[in-house]
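Asks: If you look up TrEMBL, you'll see 37-60, 80-103, 110-128, 134-157, 169-190, 202-221, 290-312, 332-349, 356-374, 386-405, 426-444, 456-475 marked as transmembrane segment. As annotated by TrEMBL, domain 'Major facilitator superfamily (MFS) profile' applies to 42-479.
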Amino acid sequence: MVGGGNILNQDGAADPIITRMVDEDTVPWWKKKNLRWLYLMLFPTCMGIEMTSGFDSQIINAVQLIPPWQTYFGTPGGSLKGIISASYNLGAICALPFIPLINDRFGRRWCIMFGSLVMVLGAFLQGFSNGVGMYIVARLLLGFGIPFCIIAGSCMIGEIAYPKERPILTSLFNASWFIGSIIAAGIAFGTQKIQSDWAWRIPSLLQIAPSAIQIILVFFIPESPRFLVSKDKHEEALAILIKYHAEGDESSEFARAEYAQIKTTIELDLELSKRSWMDMLSTSGMRKRVLIATFLGLFTQWSGNTLISYYLNDLLTLIGYTDPNVKGKINVGNTCWSLVNGVTIALLVRRFRRRSMYLTCTFALLSVYIGWTISTERFLATGDSGVAKLVIFWIFAYSPAYNIGYNALTYTYMVELFPYATRARGIAIFQFFGRGAGFFTTFVNPIGLEAIKWKWLLTYVCWLAFEIVVVFFLFPETSGRTLEELAFLFEDKALAEQATMAVEKQIHGGEEVVEKDGETRVEVAAEPKRMV
């Protein structure tokens, strides 16, 4: 089964030995008891992390529609409104240098726990804020905690999921953003009727809920087997692979093959890495990964999405919608629509290649923004209510265009792009540029809209055209491979060949699981094993 193919593929990835074994497994995940339980627990603890981020984005958007919030904070506008929204991303930027230290030293679960505790504190302070200063500090804390959870959670999903479902699960990770967003929009819409400060304090305090769920449940999931291998906890890592990827079958050839591939590739990876930030620029391959992560971070936040996420109120006012009740309904409706198309696209990611999805995404976004810009200009020139409805159409059309690439593939692509030793730092770099872009756009969007109205949309039209060029010439294809098969995608081809040869050697005659003195151990096999 595993022999007879090219050791190295033309794209630089290692020979897909494990991928071929996975493709021969025809039993769906929902018929596997242990895997079913794992995915059930991964949803609230890892995939649900983005619910917290979606909750925050929607809360800061929705509370601006609540009159008591506007009254309490003195109807903030321009730069003050920008800093209130952007402080969340500023907090995240401050956290990024510290995340790999916790994530790689203490594990994915403890990193999620730490970030969740910080966010609980931030949500508490936000709900009981006594002024704009305390409100901004609370949002800084919320922003500081979220990237710990996002980076650890995305790594965990990619590293523990069965290879067949990994692209779908990492795509659903971002789609859960809309669940938190819908809940927040619904809560804020309901509290609009309260004629006091509790209209905005209640939804602010309820932001504690997603993080509290992660705190309670995170240690019900196993640690990443790749993290355990990196800490020389080989028996524990193999036991996890056997339990969840082989349904407890100690004689599983797939679990042994997967373990051999993980162990060999991580050892080679760690030999080449000093586990420092300098690794990110040490080779041409790593520099290319960093460049892609940089652009992807910018693209996920500079594609016009922060306009809708944070300033829908201003956009609707611009086209003549002033009733808070109507705005609230549009907000909830658009968020529900985003969840539907986001989840649908995430479930289909295995059917399409990564580059095709990214290119479709960027072309679609450019088309939406061109239509949106022209429609907004026409409304401001004519005041035609029919044109205003056309603007609403473009706002609703935006989410499927964005979700095709920047929502569905973001963390799938990041996990696939970086090998184990640099994965946390690579995603941290992506987060740094994404949060930096988010901070900039959330700060300048209200200023731009207030100053030049519809012409502000033209800046996004120009940037989206640039995105198409970058994606076409820079983004590699990563679909149809395990993480280890992609580990040396940009490196010297000899490394990928060495990794594949070592894996085949271990699969056929390397290590086996034995029972000795009542303990399960990994030892060298006496006779080579033939994979059937």
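In case you wondered, yes, glycine gets a Cβ from its N, Cα and C as well.
If you look at the structure here, what lies around each of the features I listed?
Replies: The average per-residue pLDDT of the prediction over the domain 'Major facilitator superfamily (MFS) profile' (42-479) is 89, rounded to a whole number.
Sequence-distant contacts of the transmembrane segment (80-103) (same chain, six or more residues past either end, CB-CB distance under 8 Å): 56, 60, 64, 73, 110-111, 114, 132, 135-136, 139-148, 151-152, 155, 310, 424-425, 428, 431-432, 435-436, 438-440, 442-447.
When Cβ-Cβ distances below 8 Å are used as the criterion, the transmembrane segment (169-190) is approached by residues 39, 42-43, 46-59, 62-63, 65-66, 153-154, 157-158, 161, 200, 202-203, 206-207, 210, 328-329, 331-332, 335-336, 338-339, 342-343, 345-347, 349, 403, 407-412, 415 of the same chain, each at least six residues removed from its ends.
Proximity of distant same-chain residues to the transmembrane segment (202-221), defined by a Cβ-Cβ separation under 8 Å and at least 6 residues beyond the stretch ends, is recorded for 38, 41-42, 44-46, 48-49, 51-52, 55-56, 59, 62-63, 109, 112-113, 115-117, 119-120, 123-124, 126-129, 142, 145, 149, 156, 160, 180, 184, 187-188, 191, 194.
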